[in-house]
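Only one structure is covered here, and it is reproduced in the block below.
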């Protein structure tokens, strides 16, 4: 289901004080600064095999929210995995963790927000959980809800 991106500041103004706005100061890494879509989640720690598997599936304009427990010790996404997501129709990635290949990520037509960078590879054992409710930055990310992201931040709204 494709969702049209909307300015997060406008969403905050419309929703009011109960808005679900992520407090983490994430950085933009992808070539698309505005993105939106239904949420799919992955919880993993310094291991990206599961998220690579998810991005291998049709994204249908969705947003993959990855809770890497805030670790920047290893990168969960690099150019190969980001391109996999782009080519399979994902609109964006929100990563509570690190990425690598930052200069190449900027050239890809996919939104990518993450805490920072680290050139170190993650492990590939497949540890992790898919489609669990995850929480970071003061926001609960529930699969199926809608994430909106732009230069101002990330807002999550309940799907209608």
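Quick reminder: no glycine exception, Cβ is built from N, Cα and C everywhere.
Lifted from Swiss-Prot, the feature list:
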type	residues	note
BINDING	78, 79, 80, 81, 100	substrate binding site
BINDING	101	divalent metal cation binding site
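Features as recorded by Swiss-Prot, highlighted on the structure.
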residue : record                 : contacts (Cβ under 8 Å, 6+ apart)
78      : substrate binding site : 99, 100, 101, 105, 121
79      : substrate binding site : 100, 101, 104, 105, 108
80      : substrate binding site : none
81      : substrate binding site : 48, 51, 52, 55
Revision key, fill the gap. Given the substrate site 78, 79, 80, 81, 100, its other Cβ neighbours within 8 Å of the Cβ centroid, in chain order, are 75, 77, 82, 83, 99, 101, 104, 105
Revision key, fill the gap. The number of other Cβ atoms within 10 Å of the Cβ of residue 100 (substrate binding site), counted over all protein chains shown, is 22
